[in-house]
Amino acid sequence: MTNTGILAPSSQQSEPEWWTKTQKFFSRENTITPTFGYFRLLFGTQPGKTDIALIVIGTIAGIGAGIPFPLLGILFGELVDDLNSSTCSTTQAPPGGYQAAITTKVLQVIYASILNFVCMYIHTGCWSMVGERLVRRLRTKYFHSLLRQEIAFTDTLPSGDVTSRLVSDIEVIQAGTSEKVGLFIGTISYFVAAYIVAFLKVATIAAMLMSVVPIYFLMAFGGGHYIKKYSSRISTHINAATSIVSSSLSHMSIVHAFNANARLEALFAQHLVSARMDALKKAITHSIQFGMLYFVAYASNALAFWQGSRMIADLAEGKPSKVSVGAVYTVIFVLLDASFVLSQMAPFMHIFASAASAGDRLMTTIKRQSAIDGTSSEGDSTISLASEEIELQDVTFNYPARPEVPVLQGVSFKIPPNKHTAIVGTSGSGKSTVVALLERLYDPITGCVRVGNRDLKEINVRHLRGSIGLVQQEPNLLDRSILENIAHGLVSSSQEKHKHLLPILLGPSLSELTEKIRQGASEDEAVAEQGDVVREIVNLARHAATLSNAIDFINALPDGLATRVGSSGAELSGGQKQRIALARALIRDPPVLLLDEATAALDSTSERLIQAALTKVSENVTTVSIAHRLATAKDADNIIVMQKGKVMEQGTHMDLVARDGVYAGMVRLQNIGKFSSSSSIMTESTQVDVNIDRSLTTDTLLNKEEKLSLEQGVLDEKEKPAQLYMPEEADSLPTEPEAKKEKPKQTLWATMRGSFPLIRPNLLLISLGLITSIMIGVSYTGEAVIFGHTVGSLSVCRGGPSIRSSGMLFGLLFFILAVAKFAAVIVNGAAFGWAAEKTLYRTRVLSLRSLLRQPLEWHNADGRTPGLLVALVTSDASALSSLTGTTIGVLFSTVANLFAGVILSHVIAWKIAVVLLATLPVLLASGVLRLRVMAQYQKKHQKAYAKATAITVETVDNIKSIAAFSLEQEAYSVFNRSLKAPYKSNMKSVLHGNFWLSLAYSISTLVYALAYWWGSQQILAGMYTQVQFFIVLPALLFSTQSCGQMFALVPDISKARIAASNIVDLLSIKHEGDEEYDKTGSKASAKHTDPRFNMLEDKPRDVEAQLTTTTPSSFPTKGMGVQFRNVHFRYPSRPNQPALDDLSINISPGQFCALVGPSGSGKSTTFALLEKFYNPASGSIIIDGVDITKQSGAAFRDTIALVPQENVMFEGTVAFNIGLGARPDVEATQEEIEEACRLANIHDTIAALPDGYNTVCSQDGKQFSGGQRQRLSIARALVRKPRLLLLDESTSALDVESEKHVQDALAKVARKTTIVAIAHRLNTIHRADRIFMIEGGKCVDQGTHAELVERCESYRANVIHQSLDA
């Protein structure tokens, strides 16, 4: 596909037509064979000339590396002829002229060894670079493709899919396109060269054996087809499981609050069980494929021995024959060795098939055509949106994730230029969808959106979005500095005055600037070093921050504009994030401004100031705002009222109120009232009130409160998600579960000991696998014995009948060996495959269990991000499981082969064996050095690309913001910069490691030379016979060749070693309640039983099926009493800044209380301490008379429910998500779930879905609107039947009608529940039993709504501001 957009290469070099056709051929999707799939992987990603040169050179060198060994067969054949021509006696020494021939042949072997080393180093180096360059190209193309895709595509993308593609699939592809390719080519070259030599020597035998070659390829490709099929199925299940892990680790506060870890773990286990069955089928298929290769190889040798013996017998009987004993020996020797080498292809075929399958999965996304490409240069880029009318004409729309659910139904209205149009309506009525269509994040199903007289589809997407300033309902910030986030608004600005800023915005200058400031440089000095353009950007950012009322809190931060906001803005409060997002929109000075609940997270005073600023800057701007607070919409020039995807009415505030229609009803529901001169409330809402407000002060107190909020740096827990991503520190601890300063590095012995409990349940399978591995290893020694006796029996001096009978006997023995090895390999593969999958299941479940049980403080530690912790459960667990799979099988068979060969050689001819054995330490040393180099490489590689993966995941998570501000090019630049340093470092490590790999392989040829020379010397001296020599020689040479294969597995062993250390570290962490029954469902059966490894079910229960256990009547019927006594607390990440300072409050059982105060005053921190996410530094928190700070465990949470401000959905059905709220020992029934949904006013919405309560929620519930997600969260809390209900802005995203329904439901619950609420909307708390005013971490006032209005000016000012009648 030709890319003409902003992310296309700056220059395109013309390519030859033949190369273009080659690329197109291998890129064809209808090519189904694994071979073409693999070539499609190599050539379908537009490799450059350097890549082609590396492939060509690596292929030639690989071919060259395979040629020397078959030539040795000719030398050995000549030796046999020399021996046979000298004497027919096996004890008589050859003549003295034999010494000169030995010296010549030894030198030839040494030359072959040097040639082999050079060729091997070249081909391993070339292919390693090919693999490194290929995965880098795939990373960039995959990331680029994700940036190009329309939002509808990412909406339907499984949440764990991106991580899986960039971690698991990339690792598989790199393993299948690196040095192993060169080794594979060398093997094929070896095989072909061996047959060429065989045909030159004895064409008849060679032709017979050639007939079995198609069987090799049939098994290789047929097995590859099924392996690919099962790999695809496994990937589907693993992606779903990864999604659960990712969403769980991203929302640990919810997991802890509801003790949901057991249910999430069970759902995770279900997906693993499904994947395990396909993985077992894949392992059996692979073992059959591998076993057939061995069977064919050994059976062909049996045929060769039998036919060769007949030819030699004819020669011995004087019949005409051009065949010599040496020629037959050469054919048997080279084809025997070729068969051995070919049998080593099976593991490579498995790796290549997996790589091709992974490549196809990536290429599916890479080649996908985007319906709305924000990077394309197509469309009109000259049209101006200033002073143009915007019109929706009969628009219908439904989201791709829910195509059966209509969102907009024939919507038509006009947005006049340079006017303020407000859109109000019920939750889920389509308001935010209208904004998405105006931004062209989606296209209408029917109808059109027009700007002036142009259809929106005719305008260049980037130009359109660059003319619009968007503030979303849930503001998303990228993990950069505040300065960079605000400056993102300039990247695609349509204003000509901003064009010259683009090179700086896309480069590293701003990142370098903020890094210098964080390291201690003053802002003025750092800006001066960067130049005038950077200074201009900083000034623009400051001006925008001033307009959005953010400048005061920014200046109060230690690093100011250079402060990193964390992942998704986690280091900032909700109100602060919203103000930064508003500054990002205003900095581009757009002709169109879209505000989707732009001030929903702000206190009343801040909202009023921002509204005034917006009024000023939007004098000549077309403004479209969405609001649930009608007070922010009443001054609009036109108000559009929507319900159920239709426009119900429109007009000015006064007109709509006068009509007494839908809008007037909303006004009556939301109006708090107006005040008389005596400050008494004239009217009150009839609603039942459940939430709170962050009441800020009047203008005179605003700066004071900003100081309280920001100079102290206090973050409410709701404003600070559990996971903080800190890229500058991430590399220091990518996956280790304990900080380095706390946890020393695991020794090898400690790692092995810690891993044993994971493997112990599978010891029977592993033992069976080890026994068959030993049988496979020893079979090579048996082959050497048969081979040696065969060579001795083919002497013409023995007579024809004897030769024929010996040939028949040893041919039969070889066939028996073929059958035995075939059976052993199948049993071996099945046993190790099943053991590996069971170990993988156990490791992943236990790893997730341990992660979900860690406290929030642990998750908040530096370097622990959800993306990096996911790797512990996915790639690390997979790497560890390989130690109970094929890797350990090959390792043990190699060791068995080595020991059996050494022992047999010493028994048969110890003088020859002892000299050859002396070379073994050299061989092993080269392998150990390779292991050390590769271990260091794997660790560096794992760290290096973690940041690039995190950037990609963050981009997908924030794709709507990326698209809305056309940040594709900026994100692409940051991503590419993150790849440069790791790429250079990895290339050096690869080239260094391949030196030792080549040496480990090539040194075996020198062993050939030494064996040839020393063995001949012993034969000359009459110490040993030819039979003894030809038993010892292949026995030891097969052993050394096996060692070479073992060293090829070094990278896998290295990965497993690192992974095992990481997982053992994780599982070694002790948790509160390990000695007791814990909420994950594991219970120690004895005092000495480690509860971490208990009760792992192979068939987990179906957590989607809701079962009745405990009846509601068994629950307590009164609320909890809560007391805070002189509580002091500081967040671990900010130990010098108090969050709570001597807080004391008292909440009686059954009361409805509210916490009110400025942003960052400590309100949500009280919720975090009530849930025991953290422990206070001092003071007491008493629930029902028990001080929870002095109690172990968190059983008290069983009767507490939390509704967070940021509503979280997990991968699973709607019923599952709501059922997560049930108490740990209870499964909510379907009736209870539906009742909770009715109370939350969401039942009808769910019932209208095609799958109803079985509708699958994607991570974060992207297919639901913000209000719908909030109602689902409320239902989840209500199904718990809590005694204490914590509501953190629980109705902020609801329309007034839904809010009334919810509050009516909460009024029923309040009779036997204590409710504590935080809210901005004062109309939701004015009937609270007690309202606590929190400022600076203290309770500065308390009372009823009326009492606070009378004596607290700031509270009264907020009431006035929120009143529509004011």
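The count begins at 1 with the first shown residue.
Each residue, glycine too, has its Cβ placed from N, Cα and C.
Remember, predicted model here, so these are calculated numbers, not experimental data.
Pulled from Swiss-Prot:
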- 425-432, 1157-1164: ATP binding site (BINDING)
- 56-354: domain 'ABC transmembrane type-1 1' (DOMAIN)
- 390-669: domain 'ABC transporter 1' (DOMAIN)
- 768-1055: domain 'ABC transmembrane type-1 2' (DOMAIN)
- 1122-1361: domain 'ABC transporter 2' (DOMAIN)
- Asn84: N-linked glycosylation site (CARBOHYD)
- Asn620: N-linked glycosylation site (CARBOHYD)
- Asn976: N-linked glycosylation site (CARBOHYD)
- 727-746: region 'Disordered' (REGION)
- 52-72: transmembrane segment (TRANSMEM)
- 106-126: transmembrane segment (TRANSMEM)
- 180-200: transmembrane segment (TRANSMEM)
- 202-222: transmembrane segment (TRANSMEM)
- 288-308: transmembrane segment (TRANSMEM)
- 323-343: transmembrane segment (TRANSMEM)
- 768-788: transmembrane segment (TRANSMEM)
- 807-827: transmembrane segment (TRANSMEM)
- 868-888: transmembrane segment (TRANSMEM)
- 898-918: transmembrane segment (TRANSMEM)
- 995-1015: transmembrane segment (TRANSMEM)
- 1019-1039: transmembrane segment (TRANSMEM)
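The structure, with features from Swiss-Prot marked on it.
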residue	record	CB count, 10 Å
Gly425	ATP binding site	25
Ser427	ATP binding site	26
Ser429	ATP binding site	24
Lys431	ATP binding site	28
Asn620	N-linked glycosylation site	10
Asn976	N-linked glycosylation site	15
Gly1157	ATP binding site	30
Ser1159	ATP binding site	29
Ser1161	ATP binding site	28
Lys1163	ATP binding site	30
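When Cβ-Cβ distances below 8 Å are used as the criterion, the transmembrane segment (180-200) is approached by residues 58-59, 61-67, 69-71, 73-74, 119-120, 123-124, 126-127, 130-131, 206-207, 209-210, 213, 330-331, 334-335, 337-338, 341-342, 344-345, 348, 351-352, 1001, 1048 of the same chain, each at least six residues removed from its ends. Looking at Gly1157 (ATP binding site) and Asn620 (N-linked glycosylation site), their Cα atoms lie 36 Å from each other.
Across the candidate stretches 106-126, 288-308, 807-827, 898-918, 995-1015, the maximum count of CB pairs under 8 A to the transmembrane segment (202-222) is reached by 288-308. Taking the Cα atom of each, Asn976 (N-linked glycosylation site) and Ser1161 (ATP binding site) are about 41 angstrom apart. The predicted model assigns the domain 'ABC transporter 2' (1122-1361) a mean pLDDT of 83. Counting same-chain residues at least six beyond the ends of the transmembrane segment (52-72), those with a Cβ under 8 angstroms from any Cβ of the stretch are 19, 42, 109, 112-113, 115-116, 119-120, 122-123, 125-127, 129-130, 133, 181-194, 196-197, 334, 337-338, 1005, 1008. Under the criterion of 3 or more C-beta pairs below 8 Å, with sequence separation of 6 or more, the transmembrane segment (807-827) and the transmembrane segment (995-1015) do not qualify as touching, having fewer than 3 such pairs.
Counted over residue pairs 6 or more apart, the CB atoms of the transmembrane segment (995-1015) and the transmembrane segment (768-788) come under 8 Å in fewer than three pairs, which marks the two as apart. In this structure the C-alpha atoms belonging to Ser427 (ATP binding site) and Asn620 (N-linked glycosylation site) are separated by 30 Å.
Between the C-alpha atoms of Ser429 (ATP binding site) and Asn620 (N-linked glycosylation site), the distance comes to 29 Å. On a Cα basis, Lys431 (ATP binding site) lies 23 Å away from Asn620 (N-linked glycosylation site).
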